[in-house]
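Undergrad: The annotation active site, 4-aspartylphosphate intermediate is assigned in TrEMBL to 415. Annotated ATP binding site per TrEMBL: 415, 416, 417, 550, 597, 620, 654, 735, 736, 737, 959, 965, 990, 991, in sequence order. Residues or ranges marked as compositional bias 'Polar residues' in TrEMBL: 812-828, 845-863. The compositional bias 'Low complexity' annotation in TrEMBL covers 829-844. Under the heading domain 'P-type ATPase N-terminal', TrEMBL lists 30-93. Taken from TrEMBL, the feature domain 'P-type ATPase C-terminal' covers 1013-1265.
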């Protein structure tokens, strides 16, 4: 307690150990180059990620174990075993409990020791620290203190949060990699102030004399914000400098491409931003585990009922017969069995029965489940089918407890960029001053064409836009050499643009050459990219940018003659070479300010002074934010650019608008002063004020043009999505892209299919814009505008709901088990038709029904996921938006025209409801983030939104923020209830929220880094591996775990029922029928191995069959392998088997006049040992009836378990009598010589298993399951593995 109070006081001093002048916010004062040694109470730099200390390990680790209710029950039973009336010896009850607890403690200790070893290695890393005398000495990380001046070298990780003082890089710059913090692989630029550049570690006097006072915000978890002021002591006075994120180096990030830097320690240890962000992920439990808890409670209630019945009968019998109960020794003074106190005897009998029947609650099940899940995870990791040779990455499993959840997924929420696509951007199209450039087909077009959905321009489009979809044949006709989009000599990473009007310096001959020049000059300047490579070799130059699309734009500028090759703290260096033979000219542009991109701003700007003296603000961003900020008088080609960008989006391209603003010197200086003041603020106010200043200057823009960057689809995505959809999984896409881009990516990925009607809810169309225009005319208040927009969204959802429910078949509204024609029903009907033909054998029936089976699968797959329209012929159509079956164009109004088609009047809706179409209509809902904001804020709209979504086959949420992604996943997960399971998959830091909000999170180890994978439960390197993860491993794991739990209850219930029967025949005396150690090893040794092998290796179908028939996955969605019906079936089976195992030997032995060779009859213990032999045989051999997949490992496990019983009874019987008791030489002298003992075993086994075998055979023959038909069909004609 003293240490806890000391820590609390230390933290209190840490929080108040700085002067505070910013309201309630804690501020920190750091004296640079004067390390804190306890004067201010700042925490040390030693970190610990351990869960336990040496004194807290046992109680806390036991607390973790005892979160399971079954552990409390077994502990209580172990305590009761200490009572003198207990039926079992204490050691035989305590030993299994101690064994299970020790396994859990050892696992916790092993994990904690690993954490401690990692902490020790981290804390003892060396670091160079200034000793105060001009020299650097080596210390350990854990010895660092706030205020220390440290020197870091290239490639080293920062030991604490540091304030950058100087760098050997040009202009005080250094490059930092933050992958361990945010998962991003691109380098970040950090820059020291010019006033401290000369403190470089070479001049000892400058090191000794360096003094400064840092006033900054207190420790917090925000990785992207930092504010403070540095009061620097100079020979000629004092200088105050505003500090921000560019001056802070965070712990766990590393120095890259920089010789060395000097930094002052600001935050240490657990007060660093990385440690404050190290929160554990949310705890998730599988639905099978939750169902298991309910089954455990059911068994506990059953156990109580059996114990109460035993106690009641004992009390009534003792009251009626009194001293006639001779076996209770009533004449002996015994406080527990006094015939004159039947109530006491009943209470004692109750607790006695609790211990006797206690094996109904299987504590060994939890240990077996953990072993099996870990083994399953190892097989997933080693599966070469999920190995990516390009990145040399395998699948990762971080939450083995959720393995079976992968086999029950109902809805997938997917990010687009980097998840469905490669996140490898190529510059593909552009529009400059209203003229579109670029030819060739995007991968989205190619994928659509491959699926029979060719895309092309509408005949209503103007001639210039038709060039957007020129195919290769046209290009080759114009170019005899075959040079074209698919044979582009200018192609490189980040650049896949082809248009002979611009390439090779030909753009200088265009009419608007000056506009084209300025456009590409802007692309070369408006960015935060870092060049890496030789300035003299443009082909070797690579750009480290905050996003791949930004790098693609800089590469495009290089291709068109504006080669950005060097970046300084206040300068951008561009080499201009307009024609191939022109000598290059170097230009230096003065970089004055950078207004960085954020997900909220959706734009970035730079303020640059050109070599000719012009002062310009260059801006690029989303059209939705740029068009709102254009100058009404000098707007530029807004309409043409918007139309071209819409067309780019429909081709699946990511679009940006490029704009600029000429600044007056006085206007800029006035703004810069206020911007600097905002940046010098400390705390949350800084971010708010700097954003306001940026908003001020980014008004009155003039549009130059726009860009279209292609993010190629990952390999196998369309096929994977199609197969997952056929498996009954509903797929949502949550993306920040515009509506048109998302729609056509949806087409290419098979999310939107031919004949599917799209319901678009957007606040970016004409009707929504009319609200803004009316608000401007009538000067509405912000609240009124918000209310009108909310009403608009509510009406859209109401209309959509009427449409999807107005006489159309609902593809998702009912649960999978309630569909009109399930896969299983169709398969069984096909089999029944085949059987009715009079075939003699099941094999012949199945061979005759092969064609019917194929037709059934085809019917099932085309019912909801049809590729071709009804009518047989292949229909080729333009990939244009459809609204209730009506095709609309993309020219002119574009989205507005779509909305006009969608906003039909109520009479049309009424007609639609009165006269439903002949065939079911599928719907895809497309909604934007602005509309979602209103929906997520109101419960009534949430319910309406959910009802629309569950009646749609696909949902695409566009223009959504990371926060909205998580909110949508949470809403759907809660709205769909416990019977539907949600999975979220993404690759970037912006996907972490939705990954953690879903029941199961899957991370992609992609270009954006590893943060999504680190936060996820499972990680893969390609989206296409998700189908194998779900359809193969997920289905297997669900099947294995479900059958394992059911089998476990089957075998323990057999033992529990037999204990109840034996207590009846023992007149409820509580005396066990067999030795204590037999019962102790029953679950842990004699019957443990086979079910563990099955839990790890069982396969009903092969991976190839799982891909061939993805509909088989729906068994997990319907819960067919773990439900009340199956639980009751296995309990009933155990009840029958227990009766046979107990009463069959009882009849045999009671009918024998002599059992031993000497003529003696069988004693109770001998009958118990003989019966226990069958109790071991039946559950082990039951596996041959209940399961279908066997390898030599299965056979070895089964027969080794049976053999272990015979070996045990022999070895145990050979021990001294003082230990073995009545089991002394029981097998050798009594059981083995008896012919009845050996004859009884096959008879009882057959009697116990025959009914189950017959019933299973009957069901398989007349009512086969889906997988049984597939197994039989391909038994003689197996599907080869891919």
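One is the number of the first residue shown, and numbering goes on along the chain from there.
Glycine is no exception: its Cβ is also placed from the backbone N, Cα and C atoms.
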Undergrad: Counting Cβ neighbours within 10 Å across all chains shown, tell me which of the recorded positions 415, 654, 959, 990 comes out on top.
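TA: The residue with the densest Cβ neighbourhood is 415.
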Undergrad: Mean pLDDT over the domain 'P-type ATPase N-terminal' (30-93): what is the value?
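TA: In the predicted model, the domain 'P-type ATPase N-terminal' (30-93) has a mean pLDDT of 78.
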Undergrad: Do you know offhand how many angstrom separate residue 415 (active site, 4-aspartylphosphate intermediate) and residue 736 (ATP binding site) by C-alpha?
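TA: Per the Cα atoms, residue 415 (active site, 4-aspartylphosphate intermediate) and residue 736 (ATP binding site) stand 9 Å apart.
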Undergrad: Could you give me the DSSP helix, strand and coil counts for the domain 'P-type ATPase N-terminal' (30-93)?
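TA: Split by secondary structure, the domain 'P-type ATPase N-terminal' (30-93) comes out as 25 helix, 3 strand, 36 coil.
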Undergrad: Let me know how many other Cβ atoms fall within 10 Å of the Cβ of residue 597 (ATP binding site).
TA: 18
Undergrad: Taking the residues 415, 416, 417, 550, 597, 620, 654, 735, 736, 737, 959, 965, 990, 991 listed for ATP, what is the greatest CA to CA distance in Å, to the nearest whole number?
TA: 24
Undergrad: For residue 417 (ATP binding site), write down the residues of its own chain that are at least 6 apart in sequence and whose Cβ falls under 8 Å from its Cβ; none is a fine answer.
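TA: The list for residue 417 (ATP binding site) reads 423, 654, 711, 735, 736, 737, 987, 988, given in order along the sequence.
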Undergrad: Tally every other Cβ atom lying within 10 Å of the Cβ atom of residue 736 (ATP binding site).
TA: 23
